[in-house]
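Data block below; observations after.
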């Protein structure tokens, strides 16, 4: 069996075992909470009776997955270099706010309008991530500490701006404040056509966010960048062995800044699916916590775009069940327990399987060479 | 030549049929050794022959898969080093395990402190240490800080440490590797005293002259198994070496000189301060600035280092480790800022980045291949790209040219005899010698004009060592300039066209490798022979 295939199979097997164990642990938690595990797991898979309900379920799962996937990518770019960008949370919030505000100031043909909003979001996210990067390379400030602190600043700053300078007109009876609503040219077309192609009814509400297509392209682009380019090689080398990278002529400071800004720029896009596809503004009830979940998603996906996609879909699948669980009389916080258990166990499983794969590789090399067999005793 | 116990006393250590397997590798196989009490018993073998594994087994750090260990006639089974210590076995590691900011006394008692009312009983500790040192002739001041001690003294502290714990059987793992000849003599004096005191010493080495001068019995290990037990009075170094290697010995000697008149690399006035780089004040020449620093009594890691290396020349730098060798490499590679100028083929590269220097044709075989030379968890072809990520054949525009990189890795595997299942194998799966051959092949790629070879054969097997020496010689003949830094004096003397000695950051002597003895070299390396006036340089061919 080729080493690559073996490693892939081992990873999948490890993840499967981890998920089974996570289900077992969650069952215990559900029982302790006084609910029935069977009912809970039935609710997870219960997408509803009618075709429309199923379509709605799938849509809300994918809509949840898209920002998680982008968040996972953002975190993974840093992780590849052993840079812990915990600041994705702050970066996406401030970027989403600025993009929503700037996007509402003008009206251009749709493709240009949307492209401009994407560029603004990426630029703001990247610039905000530049702060900890510069602090790290000039003063040696640990990026974990600085990004956590910058998260607080970003979150409070966004809250202030949305109530003050960036606030839009509040409709009668609306309880939340938000930025001005985007012109229609900034509304990303939905992908409901996909369902209609299969003869299914369109989902209700905002439908399947069209930003899904951007996310897929982004995933492919990140994969190409990390796996096929010189820059990606330098990121990998710096992550695996910074000393060797330095001796090989990779400039460590440049790499820290580049990786951090790239991570922040991707983080800037996290809020766009929701803004462009559904809300059309940034409000005080904007979805929080995506940056932190992105850390878990990146861990689960082993920092690889394909793995992150699977992890994001899994998280989306679990999050979708919040409603059905409540109908089944199961506390929806069970989802958080399951997600936590899965991440923890998958990380452990990854560690075990990668060690197994390394050992196998060593054995295989030794066996193929057959050089380590002791010689005949000569005296 | 079987030196089984002469049956006068029970053997202090008896190993019978010890076998230890690691995944895919048999590290030890049917080892049989009998060590008589009150003797110095040497275990010799090449790097990677299995000596270290054997000692780890004897010291309880690893469990043998098969075989028995008897200490003073009693069969034992060690689970941890504590069991071995309890049985009276002590180990002096090759790399010292001392706390630099503690005194000798504190280091000796660390982990086995005599206590009085919960506090360290200094008086009792001191009395015991003084008793031990006077009984065994191990003279060290118990109140000095370890960081102020020389290498020889540190080693004595290590020996005191194990004696303090009641060891009667001492294992010394390559104790002379870090010592210069004069210190080796002192160590042997100590060992003779220990022997006279009835202690048993197991002495691991691959330096045959030393082994012959100190050992009462010798066991030879080759490829994981004991191949002979010999009496040092009946064997020559040559015979011993052949037992060890099992084939004809490689020698590092270079044949005829290939030194040309063209300077490939010129270093002048290279100076590095210990407490960080400060830019040169405007208008001050480096020499003046350096003199100023020296007058202020600042510690300099590199002190006005100047030399030229010509095309086709190997310039060797001898020195005890930590005298500025690493700093010199870092300065030439542009990894650490320094004063002074570095010129490559006539161009001043002092302000160039590491990458630009590499692109201009500097190759670098690092002293620690795992730390600086390899991405262990990446494939061989990716390791081939490392350091060449901006050059052909690894790069095509912004892309890494995987196909070309793999093809070129195959070329290196063939030309440098890297034993590997393929180019996609992870680097960590290869043995040290094969990893090193890959690095040598990589650094010789892209037609370098100048190569830094730092300890190029450290920790590799004899076959790989000979191959690497051949490659260096061939490259030298083809006009490559090489800076060779090594702790192996034979390698330095054998390969170099010119030999410099570095001591406390200064080049203190320039010697002719054709008529220098390891003893004289050792004298310069320790500063025992004052070297401010180097002997006249030999004529260059």
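Glycine is treated like the rest: Cβ placed from N, Cα and C.
The structure displayed is predicted, hence computed values, not measured ones.
Transmembrane segment is the annotation TrEMBL gives to one range among A:3-22, A:23-42, A:43-62, A:143-162, and that range is A:143-162. TrEMBL lists transmembrane segment at one of the ranges A:96-113, A:114-131, namely A:114-131. When TrEMBL is compared with the stretches A:66-83, A:174-191, the one noted as transmembrane segment is A:66-83. Ranges compared are A:235-255, A:256-276, and TrEMBL records transmembrane segment for A:256-276. Cross-referencing A:334-353, A:354-373 with TrEMBL places the feature transmembrane segment at A:334-353.
Among the stretches A:66-83, A:114-131, A:143-162, A:207-226, the one making the largest number of Cβ pairs under 8 Å with the transmembrane segment (A:256-276) is A:114-131. Beyond the transmembrane segment (A:207-226), the same-chain residues lying 6 or more positions past its ends with a Cβ under 8 Å from any Cβ of the stretch are 59, 62-63, 66, 69-70, 73, 76-77, 80, 118, 188-192, 194-195, 232, 235-236, 266, 269, 272-274, 276-278, 304-306, 308-309. Panel annotation: around the transmembrane segment (A:334-353), residues 7, 10-11, 13-15, 17-19, 21-23, 25-26, 29-30, 33, 35, 40, 296, 299-300, 302, 314-315, 318-319, 321-322, 325 of the same chain, lying at least six beyond its termini, place a Cβ under 8 Å from a Cβ of the stretch. Sequence-distant contacts of the transmembrane segment (A:114-131) (same chain, at least 6 residues past either end, Cβ-Cβ under 8 Å): 85, 87, 90-92, 94-96, 98-100, 102-103, 108, 146-147, 150, 154, 182, 185-186, 188, 214, 257, 260-269, 271-272, 275-276.
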